[in-house]
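J.: Dumping what TrEMBL says about this protein:
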- 47-69: transmembrane segment (TRANSMEM)
- 99-120: transmembrane segment (TRANSMEM)
- 132-149: transmembrane segment (TRANSMEM)
- 155-178: transmembrane segment (TRANSMEM)
- 199-226: transmembrane segment (TRANSMEM)
- 232-263: transmembrane segment (TRANSMEM)
- 284-305: transmembrane segment (TRANSMEM)
- 385-408: transmembrane segment (TRANSMEM)
- 415-436: transmembrane segment (TRANSMEM)
Amino acid sequence: MMDARAFSSHSDASVAAATTDQNVEQCRSGNNSEATIMEKPRRWHDVFWSGMFVIHLIGFGFVLVVLGLNRFKKKNRLDIDKYTYRFMENQAGLTEDYWPVYAVAGLVGTALGCCWLSLLGSCATLMMKVSVHILTTYLAVISVLSFWAEQVFWGVAFAIGACLQLLYVISVIDRLPFTMLVLQKAVKMVWNLPEVMKVAHAFVLLLLSWMVLWSFGVAGVVASSMGDGGRWWLLVVLSVSLFWTGAVLCNTLHVVVSGIVFLANVHYSKESSSFPTKSLMKSLQYALTTSFGSICYGSLFTAVIRTMRWQIRGVRAKIGNNECLLCCVDFLFHMVETLVRFFNKYAYVQIGVYGKSFNHSARDAWELFQSTGVEALVAYDCSGAIMLMGTIFGGLITGTCAGAWAWIKWSNRAFMIGSMSMLMGMMLVGVAMVVVESAVTSIYVCYAEDPLSIHRWDPEFFNQISETLNQRLQHRSKRVSEVLTHNQLDNLVRSNTSV
């Protein structure tokens, strides 16, 4: 059995090494043409989804203006209340009563996002550790406060969130050192590219501009004369719209940053850190034109599927020997893994660099990782989850600030205002987090396509990531051998029993 394990481990490592060598040779011959990648004409992809997003943006923008104006300085200015009389339960207010609270939420979220970008070079690792360890406590505290305020739904929701967060951190505690190493290198990479920081600040301001209009409409909804049930349903629809809009802006920044980082990494050399001319403007131009439809399409599903994958991985690692529960979780796990092949964040690197469609990019990225063995590193890394924790933590701080003010003035609508403010904070902080996450995805794609580009940039990091990849491949081979041996023993026992 030991021979079989050793042979299996050696075979997987040899296949990965051979494929990596092949990629290295291909990239050596192709490095001369990399500079012209951004100059090649590109086809438009997923135009339908870009059209749907633009129509959605115009339609919801009009609705937000109407909802906000109806209660601005005059009650029922546009005579909309005649459609909501039968839902009337609470005393109506004015848009400007609630709009300042959302303005505070926007300012807090923007400040947190800008602080994150500003502190990238000095204490980003500390901020990531704080996000990992303090989020569980913060969720638990808000859960207790929600029960104290007799908000049972929110108390249960935050309690479940705290339990899931704690379970996930426990399940990945052994992966955190490697994850922190990758995040440190990603921060170092983006910090040396001032163009990236300028684009990130611009996108934060762009998202904030849309939130000014969004919060104006939401303030009008909160001030409307309809009952709480009607308000909540309308706010949920507007929240989905904000989530899609925020995801599109974040992923557009993802495409721009990953394209810049990828090309900068490929062209890096110790003698002269050459960088393709006009790459920033070209990458931004393609992201907003030919690739915009692919970004809109991927933004609908990628974030949800990634979150499901992280949580299921965490639960799966802590189930133990409960075969019934393990079978159910394995079914969900394989279903989500199948979806990941079609919706993964690494597709955005392929979109930014090569201008492919989203499905084509996602499939190519996943096949590249599997053929080189880098998929083992991607599965082991949990940097995306840490970025999500930081985003949620920023959203919770924003929601707490706005909710506390709302509780003092309107206690019956504090959770309504706080939840919308939390979503605003998550979107604004998420734009800042995308910068680092884009660098992480570019590192893995660069390592899979051209390992020498990582070696030229940081030889020590190249050795560390290669050693970790070798360990993960050996671990995977060992598990495969154990499963095969276990199945053989089960078949032998069944045959003996039947005899």
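Every residue gets a Cβ built from N, Cα and C, even glycine.
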J.: Would you say the transmembrane segment (385-408) and the transmembrane segment (99-120) are touching, if the rule is that at least three C-beta pairs must lie under 8 angstroms and be 6 or more residues apart?
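T.: Since 3 or more Cβ pairs under 8 Å link them, the transmembrane segment (99-120) and the transmembrane segment (385-408) do come into contact.
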J.: So, taking each listed stretch (47-69, 199-226, 284-305) in turn and counting its Cβ pairs to the transmembrane segment (415-436) that are under 8 angstroms, which one gives the highest count?
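T.: Highest pair count goes to 199-226.
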J.: Tell me, please, if the transmembrane segment (284-305) and the transmembrane segment (155-178) are in contact, taking contact as 3+ Cβ pairs under 8 Å between residues separated by 6 or more positions?
T.: no
